[in-house]
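What TrEMBL says about this protein:
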type	residues	note
BINDING	13, 30, 46, 47, 128	Fe-coproporphyrin III binding site
BINDING	187, 269	Fe(2+) binding site
Ligand code: FEC
């Protein structure tokens, strides 16, 4: 049986490893333009606020990659195919290019790329895949990228379970399920993506609808909202979750469930923007706030990734 060796580039946003790396990280996000001292301090203070300056995204990415490797090993035992996972981060080492280079050093000629973000935008997943493709071309590696997996049944099942948990928690506190508003959210992007016919907003709505249907939420009981918009002086997609909370409170809803479906791990945008900022706004407005658990190492998420990798590497 002839061996087929496939490299799997698992891509994630990346995070600093220590507080003194925050400046370099932020400069990379800003495409080489260093942040002002005020901007830097503001970001450092947000990292400090999440459990004293830890960077949970790195640990979750490591564990997701290890779990994916284990799943792929199991699927390919005695098949003559081997998958080897490499990490490639967007804004921190090991960068996307480092991952492809490591594959080239190991003699890999064939690769699949997948991003730890379920929804495609030209400005998010599209950017990761472009960088990976360009580096693969330099090394003569055949590269196929997975664009999205936002409706994979196991992903939806894991997310439905999480919404259900929070509905149950409210019910146990004496709240009526149908009075709780579910706020699905994802990272905002500049508004100009809409003119570009970018699939990102529609894919996010598709995921939201699938979860709402399986969770038996009425149409009035859920909505999609954006979060974590950048402060760049250009218009970003809205409404922002902080404004949506005001709207929900104004309608007399007593409580919300925040379901950040655009993210797959615990990290700054979840632990700060939602658990600290959005929760505080909810407290001020006098409404309940609970967030769904992040997917992290949920086996159904890992199987979703493995299914897409195997599908993309079919000859
Ligand atoms: O925990 C961590 O250390 C990292 C958390 C983190 C994740 C993440 C995911 C996404 N982002 C997306 C788009 C943008 C755009 C800009 C932008 C800026 C930042 C900054 C930080 C940051 N992002 Fe991020 N993002 C995370 C963290 N992001 C920190 C810089 C300070 C700030 O604006 O808050 C604006 C860039 C610019 O200035 O031009 C655009 C998208 C995702 C979800 C998809 C993905 O994971 O790739 C989209 C996690």
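Just so it is clear, glycine is given a Cβ too, placed from its N, Cα and C backbone atoms.
Curation does not apply to TrEMBL; its annotations are automatic.
Feature map: annotations from TrEMBL on the structure.
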residue	record	Cβ neighbours (10 Å)
13	Fe-coproporphyrin III binding site	22
30	Fe-coproporphyrin III binding site	14
46	Fe-coproporphyrin III binding site	18
47	Fe-coproporphyrin III binding site	21
128	Fe-coproporphyrin III binding site	23
187	Fe(2+) binding site	24
269	Fe(2+) binding site	20
So which binding-site residues out of 46, 47, 128 are up against ligand 1, CB under 6 A? none
Residue 187 (Fe(2+) binding site), DSSP three-state class -> strand
From the Cα of residue 269 (Fe(2+) binding site) across to the Cα of residue 30 (Fe-coproporphyrin III binding site), what is the distance in angstrom? 17
Minimum Cα separation from residue 187 (Fe(2+) binding site), reported as the residue among binding-site residues 13, 46, 47, 128 that achieves it: 13
Give me the Cα-Cα distance between residue 269 (Fe(2+) binding site) and residue 128 (Fe-coproporphyrin III binding site), rounded to a whole Å. 19
Could you tell me the maximum Cα-Cα distance in Å between the residues recorded as binding Fe-coproporphyrin III, namely 13, 30, 46, 47, 128, rounded to a whole number? 25
